[in-house]
Amino acid sequence: MAELKSFTLADLSQHTTKDSLYLAIHGKVYDCTGFIDEHPGGEEVLIDEAGRDATESFEDVGHSDEARDIMSKLLVGEFKTDSSEKPKAKSPSSSTPRPIPAAEPSDSGSLQYVLALAVVAGCVIWKVLL
């Protein structure tokens with residue numbers, strides 16, 4: 001087997017489109033360009049992680065042995081980290097959970113008051129009639 005090419009984060013950052021999409025996973029670099037349309041999770045997932053170390057995202061989802069076999073065919077190199085390079089910050093995506101805004105106060109307090117008053121009135125009437 002031919003020696004694998006070494007890729008830095010700067011090298012990976014040049015491959016972030018559908019026409020050229022590379023991912024680093026567990027220290028290996030994969031050319032996923034030809035696999036984009038076949039990816040079961042959809043192309044958006046791959047494009048969101050393109051050009052960076054996607055190890056954490058890859059493991060968070062979990063992948064089958066078959067997926068790992070496919071990866072071996074996409075292997076193009078090794079990922080070399082340089083201490084002077086900072087990992088690219090993950091951009092917010094549509095799959096990123098958003099915080100749920102706090103509920104706004106409503107007039108349900110007055111409804112609760114009316115219901116409580118109706119229950120008390122019902123109890124008083126029931127006691128008087130029995």
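Note that the numbers count up from 1, one per residue, in the order the chain is shown.
Glycine too: its Cβ is placed from the backbone N, Cα and C atoms.
Residues or ranges marked as heme binding site in Swiss-Prot (evidence: sequence analysis): His39, His63. According to Swiss-Prot, the feature domain 'Cytochrome b5 heme-binding' maps to 4-80, an assignment based on sequence analysis. Taken from Swiss-Prot, the feature region 'Disordered' covers 80-107. Here Swiss-Prot flags 107-124 as transmembrane segment.
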Those residues of the chain, 6+ apart, with a Cβ under 8 Å from that of His39 (heme binding site):
Cys32, Val45, Leu46
Across the domain 'Cytochrome b5 heme-binding' (4-80), what does the mean pLDDT come to, as a whole number?
87
